[in-house]
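Enquirer: Below are the structure tokens for one structure; questions will follow.
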Amino acid sequence: MSDASLHDARLSACPACDAAPLARQLADRAGAVQPDLILSLPTIHCATCISDVEGALRRHSGVRDARVNLTLRRVTVDAPGLEAQELINVVERAGYEAHELDPAALSASVADRQGRDILMRIGVSGFAMMNIMILSVAVWSGAEAATRDMFHFISGAIALPTVAFAGQPFFSSAWRSLRAGRLGMDVPISLALILASAISVFETIYSGHHAYFDAAVMLCFFLLIGRYLDYRTRAVARSAAEELTALEVPRAFRITPSGDEAVPIADLVPGDLIRLRPGARVPADGEIVQGTSDIDRSLLTGESIPVPAAPGMALSAGEGNLTGQMIMRVTAAGRDSSLARLTALVAAAESARGRYTSLAERASRLYSPMVHLLAFASFLGWFWVTRDLRHAVNIAAAVLIITCPCALGLAVPTVVTAASGRLFRRGLLIKDGTALERLAEVDTVVFDKTGTLTMGVPQLVSLDPLPVALRPFALVLAQGSSHPLAQALAQAVLKDGVSAAQVTDLRELPGDGVSALAKGVPIRLGRAEWLGASHGDATLSASWFQMGDSPAIRLEFADRLRPGAKDCVAQILQSGRRVLLLSGDAPPVVRDLADRLEIKDWRAGISPQGKAEAVRALSDQGQKVLMVGDGLNDTAALSVAHVSLSPASALDAARTASDMVMLGNDLAPVAEALAVARRARSRIKENFGISILYNIVAVPFAILGFATPLMAALAMSLSSISVTLNALRLR
Amino acid sequence: MEILAILIPVSLGLGAAGLAAFIWALRGRQYDDPKGDAERILRKDWDEHPKP
């Protein structure tokens, strides 16, 4: 079977018609050659969007097929030989934002298969449960003798294969935990399934009154739903996290005798010459060979002011090149680069964090031995009193089934699904299963400054120092550069309603500034030294403007606050939690921001290790710290903290180290997440309460031998439904 | 009670048919994009003539 036919099958309008055998084959081939291009379409939302995107792509020559997946907001394009950039342009012309996704970073097919596997087991046990229930209703309403036996036989014929198939996840997990010498939640589940099936077969053969086939299948069904919700939460988080990673297609432009070639960053070796375009991130450690520019170090050190760069200066991976084109020689790449060294620091910090025991684990640790003891005690008790082995085993099986944790298995996943769904709609992605519980315990919130509380984008403080007559000239110069300060100036002047003046000979001198001639008079915009002024020990970053020989005018810039930052900090303070600001930036800048946000505890000029130390010191004092940060300098602190969060604009390493990622620009969801997490934790505890209450009512009946299959079915479904409804109140 | 000989196989057959349909839909990746499928039915692209 050729590759082409495989893809045609996947993308045809009716994939179901011919895909059944192909789907599996395709999944098996994951990791083989993947010629399909995948684009992320963050803005699509409706039927028209689907038509527009698919139509535009299909009309493009060379595209064989395109299919939009609205759930994942992606389009898969079968276009052999076409470049992603070309397709992105096509989609953008149709009016939709598009980004290339790295198919290698999306391990979707493996995850899909796992999800379909659980769904299949749910389906099988669901259908089996319905059929057995129909037969059981007849038995409960008084079918007798031969009819009852026949119904039991038919139920058994359906139930045994179903339990064997649908119960596999529990059996294998129970076997694993038994071999590791632990009693997990799955051990009593497996024991109940096996014992219930076995005792029912025995009772059926000896035409007994009670068979628990329906209970065994129902148990599978409800517990699999819990498993599936659990899986879904993790899969959604993982696929979104993968998407964030896949968005950064890591390429560098290597200079070779035959021209530039785009190579994966992993292929760089020391000694390579690579070209750095303005706006690109430095892919490896190295030294500048040629060209001048400005370097943005905010992600590495937290400094908000760009640094001028010239040949001979050392660059670290992760820094951003702002204005000029440069050529650098690689000195350390991949595993040896400073980026990788910081990652090692993170790994060390992570192992020191210690494992968090989730509420579910704590519950099962209490619960498993209790169930086994109860069942065994009732078996011994009845055997000692009646000397009837069959009856005693029957009672023990009934106790196991009644106590079995249907509701307990649903208690946590339903709440986590509801809560993370709610937070996801507000733009917060939870990557770790226990993050919500840990978030509920937080009493101290530590913020990073640059890129977290601020946007990392400068804003002009005031336009007043610039005389009105000079503004058109300042605007035309500012528009000539992609330096962030120049862009901010242009924005501020444009907002004032000024239009640009006519100038000639507009030039950008990377690292210095922009110059031009206005009716023969030289005008310049740039850094202080270039214009013969002195920056002094001012707290704010500044750009200078000069016309002719007149003294240079100082224009000050402050970092812009992230939207929602003020509300977020105010709400957290109001909820009685402590707020700390740790920054690598200079003290005056940090003090200014702390005053604006009314944060009393702040520390400036802290190194990456210093941040991690500070967070660890807080933890040692018994405080539960939420760390919010975005830069490489925060990564170690993020992994030391009790729970951590980073914005989507953060570096890959920071996002990997944190438990939650904020997808939007707004900081407000952070305060909401803290509140939702607390509510989620109390819902989980309520759910445990509900399941224990059902057990307290039902277990005495079971131990005293009054339990019937009807009672087991009622207790199981009622407790599961009430637990789910309680969880849904969070949405 | 002879009716049971017909009714039980019929009910089991219906259940099996439902299960087969579910597995068919699952294998056919019809659960991969539930949101997209819900929207696709509203498109006007193939109102005039069927998709080639």
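Every residue, even glycine, has its Cβ placed from backbone N, Cα and C.
All annotation found in TrEMBL is predicted automatically rather than curated by experts.
Residues or ranges marked as domain 'HMA' by TrEMBL: A:35-99. TrEMBL lists A:118-139, A:151-171, A:183-205, A:211-229, A:366-385, A:391-416, A:688-704 with the feature transmembrane segment.
Give me the lay of the land around each of these features.
Expert: Long-range contacts of the transmembrane segment (A:151-171) within its own chain (CB-CB distance under 8 A, at least 6 residues past either end) are made by residues 118, 121-122, 124-125, 128, 131-132, 135-136, 138-139, 143, 186, 189-190, 193, 197, 200-201, 203-204, 211, 213-214, 216-217, 220-221, 223-224, 227.
For the transmembrane segment (A:211-229), same-chain residues at least 6 beyond its ends with a Cβ under 8 Å from one of its own Cβ atoms are 115, 118-119, 121-122, 125-126, 128-129, 132-133, 136, 139, 152, 155-156, 158-159, 162-163, 166-167, 169-170, 189, 192-193, 196-197, 199-200, 203-204, 397-398, 401, 404-406, 409-410, 412-414, 416-417, 709, 712-713, 716-717, 720.
Here the transmembrane segment (A:688-704) has Cβ contacts under 8 Å with residues 359, 363, 374, 378, 381, 395, 398-399, 401-403, 405-408, 411, 711, 715, 718-719, 722-723, 726 of the same chain, all six or more residues outside its ends.
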Enquirer: When DSSP states are grouped into helix, strand and coil, how many residues of the domain 'HMA' (A:35-99) land in each?
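Expert: Per DSSP, the residues of the domain 'HMA' (A:35-99) fall into 23 helix, 15 strand, 27 coil.
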Enquirer: Suppose you look only at the domain 'HMA' (A:35-99); what would the mean pLDDT be?
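Expert: Here the predicted model's pLDDT, averaged over the domain 'HMA' (A:35-99), is 82.
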